[in-house]
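Undergrad: Below, the features straight out of TrEMBL:
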BINDING   A:26, A:71, A:192  Mg(2+) 3 binding site
BINDING   A:26, A:71  Mg(2+) 4 binding site
BINDING   A:41, A:42, A:119  Mg(2+) 1 binding site
BINDING   A:42, A:71  Mg(2+) 2 binding site
BINDING   A:49, A:245  substrate binding site
BINDING   A:101, A:118, A:119, A:145, A:194  ATP binding site
BINDING   A:195  Mg(2+) 5 binding site
DOMAIN    A:24-137  domain 'PurM-like N-terminal'
DOMAIN    A:165-280  domain 'PurM-like C-terminal'
């Protein structure tokens, strides 16, 4: 199937200025970018990361791009091009590839990304989609997990919990927010929430060698978490704290910068949930006493 | 297994100047490069592209890098960094990952490549290794398949046929040759031979909208092809013509440039096998008559 499907792909791929030579040569040729380059890769596999029997293949294709876009947003970077690897079950391979690519093209169009290349195989195994995303940081440096200092504000985008009710398939990677913030303030550290708010926050803090004091009442809880709590036996807060697949950003910055972005419309809800401290770990202050919180989420 | 194996990988990955931030953040940060960027991706899967029961996992890991390096060489580019995706069968996942990575590290060390990132999953399926390789073309433009003109010399590196006897696992990607040629001459078009000398030559010619007249006696036949012909029922030439997985380069350039590189030691055997013509297709001239040749090889 490869040759004919590649011909179809070449027809579908839009010509974008960042990719001079796309599918059809030994490698893609990408125009030089300004600033640091960013590269990340994530694969999702049927039966592990999604269930093809339950989810539309176009949604899964979209998600394979979105999870990588979320990583690029967490670096404060602009995505430019993607390479896509499909491992397809032998039965209905061409149909599956076509439907997956519908979602991939949708994400590529929405975020201005060129499909620069890829590889397609059929095999005795489940559908697996691997995306490598390339981008760049036009000015300044990439946002690392390790950049937070003591006494900085901790902000989050959006709201948390209950993503598995459906929105985990169609997350909106915070690419545009990242660009807005880069113009406005100095983000000192960032991470995207894939495995759970508390777990990913803990990872950022550990890399920065700081802790945090959270005002847990300010953690934005998604309505999906409230809905899910009605049947799950867990509180909305527990869902928000540990569910994962929110694909929102956790950001640190000076309190002055935080006040600046919180006082204006940046297109996405931002909330300050606490501040960094020299005492490591996650803590909440309640009735004048510090209580240690335990990070929870999905560990691979 | 992911967290502990990633910790092991971080320890094993050498720090190279081209990658500022490697494994352990949301994405890799790669220093700006001079000239055009190159990116390619190829996956190999147990049961499709190799047999883990027959081949050493370290060889397979090496090969997963080498096939991509060969693509980068065919663009006349310098490789800089790689992102590696492993899909591992659940049984013995950590051992398998470790052995595959031995070969990946070997190729990375040999060719000065930083392992910038990756992803690891375990699943109900065969071992699958996906490598995305990034590189750049320091000066001039990338060598495309489409760049050949009429009346140019067609050169090949190395010798062809019988690769499946063993050397297909340990090809030497022609990275160094590409750099030497870039200094010496203007390569007008290039492709690497993965699916068969005649088939890949035909692809290059088709992209360039030219044909060729071959002096078939000058096609370098590998000793593996001669050995294999003793039992295969095919001639050494047939093996050289169509076997594939040689991972040598086919190159076009002016006859003057060809004479220049053929008269000096460039570290690898180079042979002129013919010249490009305005009449499309593959032709040989025998006893004053043109005879059309049929491209053969492995089609996916």
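Every residue gets a Cβ built from N, Cα and C, even glycine.
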Undergrad: In the predicted model, what is the mean pLDDT computed over the domain 'PurM-like C-terminal' (A:165-280)?
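TA: Mean model confidence (pLDDT) across the domain 'PurM-like C-terminal' (A:165-280) is 96.
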Undergrad: When a 10 Å sphere is centred on the Cβ of residue A:194 (ATP binding site), how many other Cβ atoms does it contain?
TA: 23
Undergrad: Could you break down the residues of the domain 'PurM-like C-terminal' (A:165-280) into DSSP helix, strand and coil, giving a count for each?
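TA: Result for the domain 'PurM-like C-terminal' (A:165-280), in helix, strand, coil order: 54 helix, 22 strand, 40 coil.
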Undergrad: Which of A:42, A:195 (the binding-site residues) has the most other Cβ atoms within 10 Å?
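TA: Result of the Cβ crowding comparison: A:42.
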Undergrad: Which residue, of the binding-site residues A:26, A:192, has its CB surrounded by the fewest other CB atoms within 10 A?
TA: A:192
Undergrad: Please work out the number of neighbouring Cβ atoms within 10 Å of the Cβ of residue A:101 (ATP binding site), leaving out its own Cβ.
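TA: Counting Cβ neighbours of residue A:101 (ATP binding site) within 10 Å gives 25.
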Undergrad: Counting all other Cβ atoms within 10 Å across every protein chain shown, which of the binding-site residues A:49, A:245 scores highest?
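TA: Compared across A:49, A:245, the most Cβ atoms within 10 Å surround A:245.
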Undergrad: Rounded to a whole number, how many Å is the Cα of residue A:101 (ATP binding site) away from the Cα of residue A:42 (Mg(2+) 1 binding site)?
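TA: Counting only the Cα atoms, the answer is 16 Å.
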Undergrad: Residues with Cβ closer than 8 Å to the Cβ of residue A:118 (ATP binding site), same chain and 6+ apart in sequence?
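TA: Result: A:9, A:23, A:83, A:84, A:85, A:86.
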Undergrad: Among the binding-site residues A:41, A:71, A:119, A:245, which ones place their C-alpha within 10 angstroms of the C-alpha of residue A:194 (ATP binding site)?
TA: A:71, A:245
Undergrad: Measuring Cα to Cα, how far is residue A:49 (substrate binding site) from residue A:119 (Mg(2+) 1 binding site) in Å?
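TA: Residue A:49 (substrate binding site) to residue A:119 (Mg(2+) 1 binding site), Cα-Cα distance: 20 Å.
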